[in-house]
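Chemist: Got these off Swiss-Prot a minute ago, pasting:
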type    : residues                              : note
BINDING : G82, N113                             : anthranilate 1 binding site
BINDING : G82, 85-86, T90, 92-95, 110-118, S122 : 5-phospho-alpha-D-ribose 1-diphosphate binding site
BINDING : S94, E227                             : Mg(2+) 1 binding site
BINDING : R168                                  : anthranilate 2 binding site
BINDING : D226, E227                            : Mg(2+) 2 binding site
Amino acid sequence: MTMKEAIATVVEGRDLAPAQAAAVMNMMMDGQATPAQIGGFLTALRAKGETPEEIAAFARVMREHTVHVKPRVSGTLVDTCGTGGDGAQTFNISTAAAFVAAGAGITVVKHGNRSVSSRCGSADVLTALGVDISVDPGRQAGIVQETGIIFLFAPSHHPAMKHVMATRQDLGCRTVFNLLGPLANPAGAAAQVLGVYDQKLTGPMAEVLSLLGVSRAMVVFGSGLDEITVTGETSVTELANSRITNYIVTPEQFGFTRAAPGDLLGGDPEKNARIIRAILDGAPGPARDIVLMNAGAAIYVGGRAATLAEGIRHAAESIDSGKAAGKLAALVTATRGAS
């Protein structure tokens with residue numbers, strides 16, 4: 001299938017077969033598609049609506065073009081990468097949760113990037129925390145094995161994305177690539193907590209993860225956040241060994257007080273780093289509570305807890321024992337020594 005044929009198919013509202021979607025993605029990743037063709041295709045695809053099968057096919061090709069990291073560890077690799085794009089301007093909740101989950105014994109391979117729609121992306125706050133995000137991919141497996149956590153900076157692992165970056169920026173609207181980042185973890189995480197920017201995406205994205213062979217996942221949308229929230233209800237679509245279930249969780253279920261959105265606001269990287277350090281040092285409040293819920297989810301899908309409630313208890317122990325803060329310190333030391 002050529003790019004022109006793919007655009008014509010999608011403009012007519014017809015879905016692409018997985019092989020067709022893969023062919024299109026290969027052309028974009030290999031630099032064979034022109035900027036006009038990429039823009040036309042992405043816009044038409046968004047207007048049609050992406051199917052789980054199409055998204056999974058795109059993700060498989062993106063994974064094939066990835067610079068991989070293959071740590072030798074026992075246990076499940078877990079990612080806490082979300083789609084972003086919720087516009088809520090919170091502090092970096094899933095980044096803080098990654099350290100807490102790691103402190104509870106989860107091996108975390110967090111995939112992320114610099115800010116796109118917020119003032120501070122995961123890469124930005126980690127830099128402010130002292131982590132060297134530019135560590136060579138060839139050294140990252142060793143860091144995971146040593147510390148139990150690594151940050152996988154997307155541009156270092158997805159060089160083929162350079163062929164579509166300018167067009168994405170020119171379009172200025174969400175495309176399927178906003179969904180693909182969390183689906184292309186360079187370490188091949190088998191379990192994920194994946195936050196999405198729209199409640200309608202929880203089911204389809206869980207289907208995509210299942211098609212991609214992910215064994216355990218929670219796809220979440222929390223009252224406007226791409227996180228499990230303490231400000232209201234969170235819609236969860238859970239994947240467990242090909243079985244998909246839908247349910248709602250609330251902060252009150254786990255003994256937390258419902259918070260106002262303003263309680264979770266972040267700012268620039270330095271401010272967000274201060275918030276995260278305070279949480280890891282044991283400061284109480286809504287920021288701690290939301291991190292506990294999200295870290296608890298990572299602990300749960302990673303197989304260290306039988307329920308989300310048990311995962312949250314392990315998360316609290318991780319912070320209160322100092323292990324979560326210890327993981328941050330270990331990652332800072334390891335990355336600075338590896339660069």
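In case you wondered, yes, glycine gets a Cβ from its N, Cα and C as well.
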Chemist: Would you mind sorting out which of R168, D226, E227 (the binding-site residues) have a C-alpha within 10 A of the one on H111 (5-phospho-alpha-D-ribose 1-diphosphate binding site)?
Modeler: none
Chemist: Can you tell which of H111, R114, R168 has the most other C-beta atoms within 10 Å, given these are the binding-site residues?
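Modeler: Selected residue: H111.
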Chemist: Quick one: give me the count of other CB atoms within 10 A of the CB of N113 (anthranilate 1 binding site).
Modeler: 18
Chemist: Looking at Cβ-Cβ distances, which residues of the chain lie under 8 angstroms from S94 (5-phospho-alpha-D-ribose 1-diphosphate binding site) while being 6 or more apart from it?
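Modeler: Expected: T80, C81, G82, K110, S122, V193, G195, E227, N294.
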Chemist: For the C-alpha pair, I'd like the distance in angstrom between R114 (5-phospho-alpha-D-ribose 1-diphosphate binding site) and R168 (anthranilate 2 binding site), rounded off.
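Modeler: So the alpha carbons of R114 (5-phospho-alpha-D-ribose 1-diphosphate binding site) and R168 (anthranilate 2 binding site) sit roughly 15 Å from each other.
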Chemist: Given the binding-site residues N113, R168, D226, find the one whose Cα is closest in space to the Cα of T90 (5-phospho-alpha-D-ribose 1-diphosphate binding site).
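Modeler: For T90 (5-phospho-alpha-D-ribose 1-diphosphate binding site), the spatially nearest of the binding-site residues is D226.
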Chemist: I need the CA-to-CA distance for D226 (Mg(2+) 2 binding site) versus N113 (anthranilate 1 binding site), whole Å please.
Modeler: 16
Chemist: Provide the number of Cβ atoms within 10 Å of the Cβ of E227 (Mg(2+) 1 binding site), excluding the reference atom itself.
Modeler: 29
Chemist: What number of additional C-beta atoms lies within 10 angstroms of the C-beta atom of T90 (5-phospho-alpha-D-ribose 1-diphosphate binding site)?
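Modeler: Around the Cβ of T90 (5-phospho-alpha-D-ribose 1-diphosphate binding site), 25 other Cβ atoms lie within 10 Å.
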Chemist: Taking just the CA atoms, what is the gap between R168 (anthranilate 2 binding site) and N113 (anthranilate 1 binding site) in Å?
Modeler: 15
